[in-house]
Amino acid sequence: MSHLPYCSDEAMLEDTIKQFTKTRAYPKLVELNGLVVVTTIFAGILVAVGAYRPRYRHHALVRLLFYGATTLSLPIVSYVVSRSWTGSYPRKSPVMFYYGKHRLHSALQLVWICLVQIVQVVGINNGATVAADEREEGRGTGVPMVLFLEAIWVSYLVYSSKSSHYRLAVFYIVVVGAFAVIFARLMFKCYAFKKAQPSYALRRNPRLIVGYMKQLQDGQGEAGTIPPLIVMGEETQQVEKRPDGYYFKRMSNHDTMNCNRLVTIDTVWKWQLEDQLKDLCLSFALHKILRCRFADYTATDTGCVRAHDFLWELLLNSDDHERLLGIILNELSCLHDYYYSSLPISYSNRCLPLLNIVISFFTISYCLLAGLLVICYLRVMMKKRRSGGWGQIYFHVYCVDGANSNYYYEAHTDRVGNLFYDIVPIFLLLTLVVLAEARDIASYICSIWTKVTLLCHSLNNDTTWQRYHRLINAVSRYQCKAVNPLDDKMRQLSILELNFRPRNTITGCLLRLLHPLGMNKNVNVPTAVKAGIINALRSLRCNNEQLSNGVGFLQRRQNQQEDHGSHNNDDDDDFLWACTDANGTTDVILTWHIATSILEMKLQDQQNASSDNQIAATHLSRYCAYLVAYWPELLPDDDKWSKSLYDDVSKDSMRVLAMVVSQGGGGGGRYEEEMKLLTEKSEHDVVKNGVRLGRQLMELEDKEEAWRLLAGVWSEMVLYVAPSENLHAHSDAIARGGELITVVWALLMHLGIYTRPPSGASPANSVRV
């Protein structure tokens with residue numbers, strides 16, 4: 001018979017099955033394993049980018065990776081299931097056929113599919129589900145219903161993959177547990193979002209706060225008293241609708257409102273609490289007012305003289321320069337959580353935050369149990385395998401027994417693939433889910449929302465406060481940088497970078513692609529910078545002046561010199577021209593930046609420790625240059641014009657500095673040659689003015705006086721450029737981790753400073769700020 005040579009010749013059988021696996025089985029398995037690896041990488045992108053997507057959403061590459069991962073994962077999973085292995089294959093001859101055993105491989109593949117869907121839910125769960133008011137256009141985002149459809153589709157795929165491994169109790173537990181996790185997470189978010197919709201503390205809060213602020217303005221509160229700004233509990237009050245918003249019915253009886261679990265700032269200040277707890281409550285109350293601005297209410301709608309006076313008093317009487325700026329930073333963190341996370345909607349019901357943590361712990365427990373079960377099952381299966389090894393699929397050749405045509409015997413076996421490609425992706429996905437849920441738990445514990453909720457609940461219950469005040473104090477002090485939405489940092493950029501390196505290389509292009517802000521330093525905001533800003537504000541208040549781009553400080557300096565008889569009428573001591581002889585604010589910023597850089601270049605070889613004035617001046621100078629280069633929309637001038645001006649100034653200065661480097665310059669000893677080239681070779685007026693101002697600063701005998709002058713000018717400059725009506729730009733700044741100028745902008749708004757004076761106005765004799 002023709003089949004006998006195949007079944008009797010061992011070498012021919014081995015060659016036959018290897019030819020089959022090489023031409024049919026191996027290419028298919030490589031394709032499926034590759035797709036599994038790619039989808040696992042997509043899962044990692046979902047978890048990583050999902051957690052920090054608001055911060056990097058301006059980055060085109062990050063957006064591409066995230067949307068690519070969310071879009072392609074389900075089609076790939078569906079394709080992998082459709083290409084799953086079948087048991088038998090076409091016969092080689094009437095009495096010989098192949099059979100592939102892949103029970104373990106198929107079971108692990110189903111576990112992988114379930115885990116991919118869990119990662120989809122967990123990864124997108126890290127995104128924002130926001131219960132926003134209709135006035136907050138474009139900020140409200142509900143639960144993505146596509147996740148429900150995807151979960152149902154994946155359930156169908158798993159159910160339809162009928163194989164013998166369904167009889168395995170281990171994988172039955174793993175698969176059922178996976179879908180329990182998926183639907184529990186989705187149902188929780190839907191319920192929380194639905195509860196947040198009618199809440200006066202969440203979705204309807206801007207309309208209520210605006211009405212409440214009008215009631216405060218119309219009230220009979222005494223000047224200088226602590227304003228009763230709402231912290232929490234507004235959903236417990238009786239509210240009535242009016243044409244201009246929501247109003248409390250019992251506003252006249254403040255004691256009755258507090259008895260109804262409404263917590264206000266004046267109530268918090270009466271308690272013997274640590275300043276840190278008071279500041280957290282104040283941050284939370286202020287974020288509600290700031291949210292009204294993003295809901296398109298005007299400064300008049302949200303302003304309150306008593307609130308402005310209270311913050312001014314806090315600023316003037318506090319010895320801590322960082323306290324008020326820290327309050328505003330926490331305020332922006334609360335706002336970031338509301339607009340760019342799903343955390344706030346959990347507070348629509350008192351039990352939901354705890355339930356969310358329970359679900360996270362359940363998910364982590366499931367992952368640990370699933371990993372343990374997979375390991376135990378693998379050990380059992382490895383012992384049972386007769387041929388041993390870690391192959392994904394074992395192909396067997398069966399031939400007809402020559403003596404009995406109804407009997408087939410196993411003539412040869414070969415294995416294809418490696419279970420490594422099934423096991424490693426599963427444990428990577430399990431790790432990703434555990435890390436994502438652990439971060440979610442940490443974000444709840446460290447969130448200001450949780451701390452303020454716990455504190456307000458305790459203040460409404462004396463017994464709870466007496467029992468748990470130490471725990472509350474400990475929780476309020478605990479912070480985790482990994483889940484902190486905002487950074488207390490400032491980027492640094494210098495136009496006059498002497499170590500000039502061309503970036504038109506492959507490495508430079510790659511760095512710019514991966515990091516659109518370049519390799520600029522991102523440093524913690526120094527205490528000296530905060531002190532300079534706060535002192536400038538105090539000076540404005542005490543001297544009853546307007547904001548200025550440094551003119552106010554320079555005029556006060558001249559007045560002080562005249563009072564002491566030390567003023568020099570020479571032009572060398574007149575710096576006002578650098579603030580007034582310019583077309584716009586960007587010109588002034590770049591002129592003073594170049595001058596500050598020149599002074600820093602001259603003194604860079606000195607080993608003396610940097611003074612506070614030098615630290616403040618250099619950091620603010622580089623930060624303002626960074627704003628001009630990357631975020632000009634946060635500045636007063638037209639952003640396109642500012643960007644164009646920066647490009648021209650930067651190109652001109654880089655061209656001159658390239659000459660310095662080509663001639664062997666760049667060191668401190670070549671300072672005069674560098675200055676000479678900058679003076680003679682520069683073509684742009686801003687560069688020339690910056691060099692002129694730099695020489696003028698160098699001529700001051702006391703270099704510390706020069707740094708004090710620069711620190712004063714830059715501190716006033718930051719205050720001057722901060723007021724803005726470009727809410728979209730500041731919203732983007734909050735989303736990407738915050739900007740110092742946004743912190744200053746919010747601070748000025750709460751102090752009652754909404755605009756800067758018109759160009760050319762004198763800083764003296766201004767209206768009240």
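In case you wondered, yes, glycine gets a Cβ from its N, Cα and C as well.
With a cut-off of 8 Å between Cβ atoms, the residues of this chain six or more beyond the transmembrane segment (32-52) that come close are 62, 65-66, 68-70, 72-73, 76-77, 79-80, 83, 109, 112, 115-116, 119-120, 122-127, 417, 421-422, 425, 428-429, 432-433, 435-436, 439. Sequence annotations record features per position, and here TrEMBL assigns transmembrane segment to 32-52 (among others).
The transmembrane segment feature in TrEMBL is assigned to 64-82 (among others). Proximity of distant same-chain residues to the transmembrane segment (64-82), defined by a Cβ-Cβ separation under 8 Å and at least 6 residues beyond the stretch ends, is recorded for 32, 35-36, 38-39, 42-43, 45-46, 49-50, 53, 109, 113, 116-117, 120, 124, 150, 153-154, 157, 160-161.
Long-range contacts of the transmembrane segment (103-122) within the same chain: residues 36, 39-40, 43, 46-47, 70, 73-74, 77, 80-81, 84-85, 147, 150-151, 154, 157-158, 161, 163-165, 168, 171, 174-175, 178-179, 181-182, 185-186, 363, 370, 374, 378, 381, 392-393, 417, 419, 422-423, 425-426, 429-430, 432-433, 436-437, each at least 6 residues beyond the stretch ends and with a Cβ under 8 Å from a Cβ of the stretch. Residues or ranges marked as transmembrane segment by TrEMBL: 103-122 (among others).
If you look up TrEMBL, you'll see 142-159 (among others) marked as transmembrane segment. Nonlocal intrachain contacts for the transmembrane segment (142-159), taken as residues 6+ away from its ends with a CB within less than 8 angstroms of a stretch CB, comprise 74, 77-78, 81, 110, 113-114, 117, 120-121, 124, 129, 175, 179, 182-183, 186, 189-190, 193.
Feature annotation from TrEMBL assigns domain 'DUF4220' to 147-497.
What TrEMBL records for 166-188 (among others) is transmembrane segment.
Sequence-distant contacts of the transmembrane segment (354-378) (same chain, six or more residues past either end, CB-CB distance under 8 Å): 104, 108, 111, 115, 118, 122, 168, 170-171, 173-174, 177-178, 180-181, 184-185, 188, 192, 346, 419, 423, 426-427, 430, 433-434, 437-438, 440-441, 444. The transmembrane segment annotation in TrEMBL covers 354-378 (among others).
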